[in-house]
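Reading through the structure tokens given below for one structure.
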Amino acid sequence: MSREDFSDTLRVLVATDCHLGYMEKDEIRRHDSFKAFEEICSIAEEKQVDFLLLGGDLFHENKPSRTTLVKAIEILRRHCLNDKPVQFQVVSDQTVNFQNAFGQVNYEDPHFNVGLPVFSIHGNHDDPAGVDNLSAIDILSACNLVNYFGKMVLGGSGVGQITLYPILMKKGSTTVALYGLGNIRDERLNRMFQTPHAVQWMRPEVQEGCDVSDWFNILVLHQNRVKSNPKNAISEHFLPRFLDFIVWGHEHECLIDPQEVSGMGFHITQPGSSVATSLIDGESKPKHVLLLEIKGNQYRPTKIPLTSVRPFEYTEIVLKDESDIDPNDQNSILEHLDKVVRNLIEKASKKAVNRSEIKLPLVRIKVDYSGFMTINPQRFGQKYVGKVANPQDILIFSKASKKGRSEANIDDSERLRPEELNQQNIEALVAESNLKMEILPVNDLDVALHNFVNKDDKLAFYSCVQYNLQETRGKLAKDSDAKKFEEDDLILKVGECLEERLKDRSTRPTGSSQFLSTGLTSENLTKGSSGIANASFSDDEDTTQMSGLAPPTRGRRGSSTANTTRGRAKAPTRGRGRGKASSAMKQTTLDSSLGFRQSQRSASAAASAAFKSASTIGEDDVDSPSSEEVEPEDFNKPDSSSEDDESTKGKGRKRPATTKRGRGRGSGTSKRGRKNESSSSLNRLLSSKDDDEDEDDEDREKKLNKSQPRVTRNYGALRR
């Protein structure tokens, strides 16, 4: 190619479904995905392409591990950051194309020397999630290593509305409009394409010397292409006719040669995955990447094989078609399967390009055992440990379909994918249960369940509850003064708020929930809870189990405090926190968090009395009775019991205690009985009436003041 042709030719290397981090726990296959991605980047450097185009699923997990992220960043740094000049320009509005904090293509940043730009959309494995709608690719984008595009903001009502803005590139006389569409749930995107004006395509504006028809239009998407169920896939005929070339991700079978779609005028390439993640027939085909050279409105594809991919051999056998197998003899079945496996291993070794780096092959045999007995696949694979990479799942058994149910007679609507079928069943079960909930909408629980199971979001349900509670609080606070509500009126008001929120949700897309949070930490929890004005108190039991932020306490003091908190659970007063972090915890129940009080006077009095008695009981529960059981004259009498003297002497010494951990030292009485006595006396204190609260408070203060020397002695023994 001459220098003039090179200056007008845009060279692009296309790859999809790298699945970095796949099988990272497997000692044999843990490096396969990284070696394949390293080879792809090396090919891009060797072929001197203008940029690398990735079609989604760069990562295998929605939350990749730190090891996976570090290795991915290392590979991109080695191959993308250099002093090579970038030969093309981005002439479109970059703030629209790249929706991040910087809003520009990475090679235009003056602080970075980017020699190989990488453009990528997200797939179904690494799609954005959480309150901030971020994905793992956003991390690479923030590192200025990847240009992340194709992230759609679903707006409008019903199924939603999306607008696709192209990245306009120009190299010499060649102009390219690159459209990106990150993964959207197939059923929803299918409905959107069939809804008028739900999907809008923005075309380049007419400029001097450049008409709209002069642009070469490329689309990169990551969706189902299989025709098994039309509702769970995207048809090529949904796409606009002005497109010239389509890169189709998500399908792992390598169909790298561009195929023309009849009646549409564009070509489709399906590069497939660079690492085998499902051991099926389609994955056994050789893996390739595509070198796409564009000049004007013409393009030239060149497929390049990947040599670092682990060899994979797949075959299917029907036992009844084999004449040398006895249906009643298991040994004959084993001998035949052993022979097939050995042949596949030998076949894989012959395909090895570099003999010095022969890898253990992947072997999969699909066995139709109709009329025969099965064998244990794991026991069968034990003899091939060290010979194949997947000894635990070499065999997969199946039976022939019943008569009259051939594949030709199966309707397309009945060919549901197993994972899609199960997902529909889960949603249907939740919907059919008809839960009569007053705060949480069922749709929000569906989304939380999806993120908890599929995206490993451990705080999905907690975020769902917190978001709906805050939304309910806000609506109640806007209506009227919360303190004027009675309990019955509050329940009715909450029900009305739920109906209003359900109406609002019905006008918004189902996937636009704001409560999901995949990155909640203790700092975020503290910030979020502090924003709720005058409506929170420490809930030791619930918040400690939910977030695990309350620090452990020492001795009986912490346990007695927890007991007093449980004893006051019915009173809408402030509870005592166990540590500094407990002040940031908020109870997730509605009544307490809103701060409704049935009787403010009695509640405040009970709270002060409970606080004083709780501190006394918590510090003196080793061998002193409750404040109600002790008469005033008893405090003036000396302790004549030898048992008390011994316990007092023991407390004065700092020697190893023989009692249990966290209990009072030197006490010979039953700790459980003391604990019950203190909690029962506290309950009696809290149940006192308003008419005699003042007298009780005065008597109680006198008793507490008199018992202070005893408390001080025990407190010093417990603190050590």
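Placement of Cβ uses the backbone N, Cα and C atoms for every residue, glycine included.
Features reported for this protein in Swiss-Prot:
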- D57, N124, H250: Mn(2+) 2 binding site (BINDING)
- H125: active site, proton donor (ACT_SITE)
- 503-720: region 'Disordered' (REGION)
- 508-537: compositional bias 'Polar residues' (COMPBIAS)
- 567-579: compositional bias 'Basic residues' (COMPBIAS)
- 650-664: compositional bias 'Basic residues' (COMPBIAS)
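Positions of the features from Swiss-Prot, shown on the structure.
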{"residue": "D57", "record": "Mn(2+) 2 binding site", "DSSP class": "coil"}
{"residue": "N124", "record": "Mn(2+) 2 binding site", "DSSP class": "coil"}
{"residue": "H250", "record": "Mn(2+) 2 binding site", "DSSP class": "coil"}
For H125 (active site, proton donor), the nonlocal same-chain Cβ neighbours (under 8 Å, six or more residues apart) come out as H19, D57, F59, H60, E61, N62
Other than D57, N124, H250, the chain contributes near Mn(2+) 2 (Cβ within 8 Å of their centroid) the residues D17, G56, G123, H125, N183, H222, G249
Cβ atoms other than its own within 10 Å of the Cβ of N124 (Mn(2+) 2 binding site), all chains, total 19
Listed in sequence order, the residues of the same chain lying six or more positions from H250 (Mn(2+) 2 binding site) whose CB sits under 8 Å from its CB are T16, D17, G55, G56, D57, G123, N124, N183, H222, Q223, N224, R225
